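Asks: Have a look at this one before I ask anything.
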């Protein structure tokens, strides 16, 4: 029988408790990874500085009528992004003071929450638990997800809201009450990222439902739940219109600082590590299987979510939209979870693809090459950096050996090795 995640079980049942324990451990592991050394590193680039300035303005205006709800910057209305994340960061300033930790903690928390949410989403798609667990662990150990999710930007809340949105869509197929969750997630997206991002995600969801569950599009209860859920977003945008048009406030017409503006050179090696995930290679095989199994919901969702997000991001990458390739890692994790689950269940007479072993062997020597290049270029032995590279080398090379021996435990070596490597990476000074 097809079993779902924690939302499928009766409260207090043994299955509910099992799912609750798994979700708790996933959140604890993700939260630790997201907050380790969070406040010790300087701001990554100009966007974090700009984010902190807006949050500071909001904190200082909490007692000034509703200016915190419609924030201003240099006497102009800040209309680049809705203020939800800035307001939450201003609340964090009131608790922890003005520092890097308080600036980043809200984004890091949303990133940590997205990990158990992805597990719940995968449980709605896969009949076997460890498929979903593998998908969540792939997502947790994807370096770009955690690295950029820790920063004072919008990547963490984007990931959390997107995953919750599609989770609500999936549960709505069997429980129309969750249509309200679809609307609420759209409200969070509107108030944190903007109505344009909500429209794009809504379009992707409509394509998926048209392909997978077209009957849901004809349900009046489904649309009623969405309408009720987005009322807060409509009220805020209505208030914004009154505030800026009727009260005649000038709208700030600037772009937030680019990623290359501050401190970029100081993070050269970290950037190389943070913009690449070895799971990308594994996910390619997952998407190949998805193309072969298009009748399954996991294949339809992962393909629709990934392909349309990629196309839209590449088309709009030069605009002021906060569309990011970081959104692609959730469907990639779903596809990777499926292929890793199939590896665990493969019959003895089947062999692993030879390219897997070659790939991780090459990766292991690339990490050695990075270390050698750094030492020869700067003639300096950076202990903490080389501990990170050594950890990655041992992880990838051990995985290569186990793949050559047809040992499925290479999966657990990759999960544990990449998790430890990320901890070391975030402790770099």
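Note: Cβ is positioned from N, Cα and C throughout, glycine not excepted.
Below, the features straight out of TrEMBL:
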TRANSMEM  20-41  transmembrane segment
DOMAIN    81-234  domain 'Glycosyltransferase RgtA/B/C/D-like'
TRANSMEM  101-121  transmembrane segment
TRANSMEM  128-147  transmembrane segment
TRANSMEM  153-171  transmembrane segment
TRANSMEM  178-209  transmembrane segment
TRANSMEM  221-239  transmembrane segment
TRANSMEM  269-291  transmembrane segment
TRANSMEM  297-316  transmembrane segment
TRANSMEM  323-341  transmembrane segment
TRANSMEM  356-376  transmembrane segment
TRANSMEM  383-403  transmembrane segment
TRANSMEM  409-428  transmembrane segment
Asks: Between 0 and 100, where does the mean pLDDT of the domain 'Glycosyltransferase RgtA/B/C/D-like' (81-234) sit?
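Replies: The answer is 93, the mean pLDDT of the model over that range.
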Asks: Against the transmembrane segment (323-341), which of these stretches has the most C-beta pairs under 8 Å: 101-121, 128-147, 153-171, 356-376, 409-428?
Replies: 128-147
Asks: Excluding the flanking five residues on each side, which residues at least 6 beyond the ends of the transmembrane segment (409-428) place their CB within less than 8 Å of a CB in that stretch?
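Replies: Answer is 29, 33, 36-38, 41, 134, 137, 140-141, 143, 146-147, 150, 270, 273-274, 278, 340, 343-344, 384-385, 387-388, 391-392, 394-396, 398-399, 402-403.
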Asks: Look at every Cβ pair spanning the transmembrane segment (297-316) and the transmembrane segment (128-147), keep those 6 or more apart in sequence, and say whether at least 3 of them are under 8 Å.
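Replies: Result for the transmembrane segment (297-316) with the transmembrane segment (128-147) is no.
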